[in-house]
């Protein structure tokens, strides 16, 4: 290939967008100034004129450069790309090497992250560690100068080594935390986009690729809700509107025009319409890349981390108080000793030891492991949740999901498989109980239906590298495309043949519930329309029969068709109707309502979307877990009720409402019906938002699913927003906290389970750490004030601190969840981390440890035959105490695995957590080495086999005692008692009365009510007949007709 194949350089292409951004800011400022120059109506009108003029003028500069480069045709030529085919097969084989060399890749530079050594250095900036290091250095100096130099250096050196170990562990944990955060960002930003590329010589086809695989010259296909992944120039426009606020600060959406603003800025979002564009800037050579190269997103603390940080501060103050009190007592006794025995230079070393002990008590008391445990547990859960098809975008959502007590779920794709199959049809006056074959439809009618589906849709089927056919685009449209394939119709060829004939596309609008495409004929135009049958019928004045004859369609005929629509809807089928007309448009009036009039009705199809396997069990699990599940769908009432019953959401006494009924209620009326509301059909995104707001106002913790652009407000309003990974738009995913990679309701249940696991694991670790703190501080203080000195030396306490903060956090923070977690009610929003059960357990275990250690401290000399007045024997006795203390922590760590009152077997499932078992084994092995082989550093003496036996037995005895402690009655926590009766129904009354009430849990489904094009078809498909106002009786109330779409 020639070196100058690509005539345009990256800076030139990027220049258009830089000017565009700057000009928009200038226009915005000038409009603000111009709008407020005068007063009165005349000046107001002048301001409006200025704004309109601003819209016309704002792109003159970029447009000028665009024209200087020769316009779209010239730019496409200079980029060596055919807009009808895309990048060639040859370039694909070469991996776009030449393009990448010239224009770069679509990846973004981020500021370099701190290395492990930088984090290690940062760890030494901790005030407590600095004080400890200074004290250790002082101890070393005194050891060499005042004490015996041959042994005086040992304690100071041991403390420094312990500090180094703690710093290494801290740095490693921080590094792993940042690594996890970067990995999370990498995954959540890796979205797929639709691209046109050559598949066979001279023929292009649509495909989906990662945004990281986009190169300059690629032809991208956009729909509403898509995020623009690179700077592009628009060359095919279907009323495209873009939200550019992220890049320009402009709050209003910008309408793109082929004769004006064709510039699509990377990082912005398509709010409505569709189009095709050529990529001109990727990575650092795009506007988004230039903006974010100096921007680094920092991980934020989750609410649980914040709560634990506060608790750590309080515990730290308690530890500081204990340390000061201990040192004060020791110093007083030190002074008394001087008064009795006189001054000796060795006493200066004793004073240094007291200060070191005080600092060490603070180090032990400050529970740095609490925030670390949250990080470890969240990171571990996040990895595991990924395997369960939950991509966690915000760590806080993981823990919040565990306490959710209301879930508002869409239907399509979440509770159902989103595998649309046409199973019934009503075409040209004939009813087919199964999908018709090609021979069942007359030739002209088949041709008309095929064109109506092919031209007036955007979905396509793609065969991947493994030879598996994948559906790309709206799943309802994919079902129609599959029907054409069964009928042996080449929909791709129809699209190619009509591509140049498309005059106008009216993308799906949530309010209008239909989509239309106008094509130019030799004489005049033809419009193809599809949408909710009852909506389409309103615009039809004629109907085509099975002989191709066109007759008038009166009200009686419409009612007969509506009756058939209702029958299909009540069988749980989604319905989608088709119509057309030929017309002339001499006055060039392209208002949608004027084009879509006097249509000729073709017919409608019934599309089956089967329930996902296991969804009934998943809904039941939610109900057992105290979670109310509601279905919020755009489908008509008949379809919604049928699916809700199959899922176990709708019960005999359950309430079903349509969106318009819910909207017209006062807030008081809405609150009154809320406990029984199980299905909200024919709802809009605003209905979903209002429902979420009402639930939160009543104190509920709400999880909401959504897949479309208009679902974004509800997703953000919810405590946890759950977007669809397959059917969801980019905007929905950006607004969500968790992405369901398989769009499956079962994945929501898994998210709840993992969220509860995180919360429980933190409570387990909290129980363990506070028990150690209680016993260590008590022993340190009593030993000091009783004249026995410090039975636990500073370096020993630092080793215990390492066991507590890092190893226990890893062990207990990675406890895997069990389905048993779904058999209890969620914790309240303001639930205390320390339940009455946990307080009982830690007080009992702490008391046992303190008593047994005091027995060793005071009765040990007679029990083991050691004279504490002899230093070596005193160290030996204190070694037994230290070893027994550590063994108590090892076995109590096993005790802390279970914290619920009905959990008695602490060994159950222990071998499922290999990390836990490994840490227990490593702790015991290291403790053995510390005691037996490195006594000079840790102030220990090797123990005999019998002494090891007693230490292990003392530790082991905490297990049967732990079992006995579990039978000590304690008051129920507030969350387990009756709550406010007015708010109770929103939380757990539906699941607490009986198993029958579990079915009252409301299941929310895939509310595809979005304006975006992906949702449009789905909305249209669902447009069946609305059968009643409310209630669970199918025959209730008056019938209404509305769209069946999954909003």
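Every residue, even glycine, has its Cβ placed from backbone N, Cα and C.
TrEMBL entries are annotated by machine, without manual review.
The region 'Disordered' annotation in TrEMBL falls on one of the ranges 22-57, 58-93, namely 22-57. The feature transmembrane segment, as given by TrEMBL for the ranges 272-292, 293-313, 314-334, sits at 314-334. Between the listed ranges 152-172, 173-193, TrEMBL ties the annotation transmembrane segment to 152-172. Ranking 152-172, 314-334, 875-894, 915-939 by CB pairs under 8 A with the transmembrane segment (837-860) puts 875-894 at the top. Per DSSP, the secondary structure of the domain 'Cation-transporting P-type ATPase N-terminal' (68-144) breaks down as 47 helix, 3 strand, 27 coil.
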